[in-house]
Amino acid sequence: MEFECQLTTEVSKNLCDSVDNSYRRKTESNQFNSSPEAENFGISEQPLDSNTEKGKTSIQKPTPTKKPNSDICGSKQFFSSDVVPHSRRTITDLPPALLSEILNFLDPKELGIVSCVSAYLCKLASEHHVWKDFYCERWGTSTLPTPLGAGVSDETSWKEFFVEREFRSKTFMGRYSIDVMYGHTEAVRTVFLLVSAKLIFTAGYDQTVKMWKMEEGLLIASSRSLGCTMRAVAGDTKFLVAGGTDGFIQCWRAVEGFPHLFDIKGSQSQNTEFRLWDHEGPITSLALDLTRIYSGSWDMTVRVWDRFSLKCVKVLRHSDWVWELVPRDLTIASASGSDVYIWDTSSGRLMTIIHKAHVGNTYSLARNLTGDFLFTGGDDGAIHMYEITSHDLETNPVLVATWVPHSGRVYSLAFEFPWLVSASADGKLSLIDVRKLLRTKRRASDKSFSCVKHVVPSTVEPPQRMLHGFGKNLMSVDIGADRIVCGGEEGIVRIWNFTEALEIERRVRASRAIRLENRMRRRKLHLENISKTSRNDQCLVAAKKNQVTGDRSGWHSKRALSGKLKS
């Protein structure tokens with residue numbers, strides 16, 4: 001954005017020098033008529049003698065010096081005498097458009113600090129459009145608690161949503177309750193949390209897909225037997241898909257007016273339930289976006305399906321079994337053998353390969369919403385974090401950090417900013433906060449800009465929390481809505497509910513606010529008492545100086561003396 005200049009560079013420099021010199025002299029001395037300052041402002045001090053009045057100075061009118069160059073905009077000429085001596089310029093004097101561009105380069109914490117400076121900056125920082133970008137980069141729009149309705153300021157609402165969501169993310173370090181859901185007769189191979197509909201979908205070796213209420217943990221419906229082990233489930237509010245070892249994708253369309261979106265236990269109908277066939281091996285992973293369905297299989301391919309025509313539009317071939325895939329925007333990451341592939345889904349071009357990401361197979365993948373970070377887990381029990389940077393047609397994965405929280409295979413990963421959750425064959429869950437690894441990401445068109453700090457591997461913090469108490473072989477995990485959902489070999493689905501910690505934290509914040517208000521009220525009363533005491537002391541001192549005594553200097557002494565003289 002270009003801004004027109006109002007003054008020349010020379011005049012601006014003189015303005016800054018004058019303001020700086022004025023402020024410096026003002027702090028050094030409170031006397032206005034000091035010699036250096038008088039010299040600067042054209043005030044000459046005359047010696048005081050019998051011919052001059054006391055305390056009088058003559059003010060010399062400065063001679064304006066015209067600058068040789070005009071301003072860029074071709075406006076009138078400016079003179080050095082036009083600069084107001086005691087004027088001070090602040091950032092609030094900048095044009096609003098320029099100030100908005102400056103705020104674009106701040107992260108949420110810095111914007112919060114700026115909003116504490118003044119009422120004007122508080123209003124400007126709170127209503128800035130960048131809060132929407134912050135929220136969408138971290139959590140997307142599908143997790144908004146309520147739609148932005150009429151009569152609500154869009155920018156203000158985005159800041160409120162961001163602050164609330166950032167506050168909620170801290171509850172995973174607090175108290176929790178565990179809901180245990182029974183219903184599967186064999187091992188649970190996959191779990192999927194549909195936050196927007198408050199539903200949980202699970203599937204496993206008992207050849208069924210089950211739907212649960214997220215808040216109550218109650219079983220809503222169970223599908224008929226699908227004839228094979230179901231290893232993958234994915235969905236949104238319009239579409240639900242499940243993949244089996246027989247190589248088909250079982251699909252359900254949402255039923256309009258149905259209380260729980262999908263009628264998975266009803267009789268098979270061509271309109272709401274159908275299958276997609278094309279894979280030649282078991283399907284191990286599924287994902288959806290607005291226009292496509294992605295499926296990975298042990299036939300060493302990832303297939304991309306059109307959601308509307310239900311036809312396979314692209315086939316991405318690998319060198320080994322495909323264990324996991326995660327699409328983001330126009331790219332998709334897939335785990336095949338021990339390698340990780342990153343593809344351009346629009347053209348089918350292979351962008352890069354991370355060779356031997358783990359010792360053994362790479363079983364699990366996770367990405368953030370923007371696709372800048374990729375997390376991998378594998379046979380060796382390690383978790384790697386990569387940053388994916390792109391410049392022109394070159395894509396570079398950079399290893400950022402490594403954690404080894406497990407003694408068994410890492411079967412599943414799930415990410416919701418800022419928490420990465422892993423499920424392992426050792427029967428443990430680990431929670432990793434990645435915020436300390438990130439730094440401010442400037443909003444620029446250059447995708448090669450790094451948004452992670454330079455981290456020494458030995459200084460990477462271990463997982464912030466480990467959840468224990470299971471048998472073994474936790475095969476799938478998901479995170480969302482202040483909950484962590486997990487299933488494994490025991491055939492039991494567990495929900496770690498952190499809403500209790502959220503309520504406790506809210507009460508603590510309210511109590512802290514009350515204490516702060518009381519402290520400020522006491523401080524105000526204390527300052528008022530000090531002020532009153534100071535005034536009383538000043539009056540007492542003045543009274544002591546002017547107290548009536550028997551001294552000859554007193555008026556009564558003089559009157560008595562004059563009376564004696566008269567007598």
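Glycine too: its Cβ is placed from the backbone N, Cα and C atoms.
If you look up TrEMBL, you'll see 25-72 marked as region 'Disordered'.
Under the heading compositional bias 'Polar residues', TrEMBL lists 57-67.
Annotated domain 'F-box' per TrEMBL: 88-134, in sequence order. For the domain 'F-box' (88-134), the DSSP-based tally of helix, strand and coil residues reads 31 helix, 0 strand, 16 coil.
Beyond the repeat 'WD' (181-222), the same-chain residues lying 6 or more positions past its ends with a Cβ under 8 Å from any Cβ of the stretch are 142-143, 228-237, 240, 242, 244, 250, 260-265, 473, 475-481, 483, 485-495. The repeat 'WD' annotation in TrEMBL covers 181-222 (among others).
Residues of the same chain lying 6 or more positions beyond the ends of the repeat 'WD' (276-306) and with a Cβ under 8 Å from any Cβ of it are 229, 231-236, 239, 241-249, 251, 312-327, 332, 334, 336, 343, 345. Sequence annotations record features per position, and here TrEMBL assigns repeat 'WD' to 276-306 (among others).
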* Structure fact -> For the repeat 'WD' (181-222), the DSSP helix/strand/coil residue counts are 3 helix, 23 strand, 16 coil
* Structure fact -> Whole-number mean pLDDT, the repeat 'WD' (276-306), equals 95
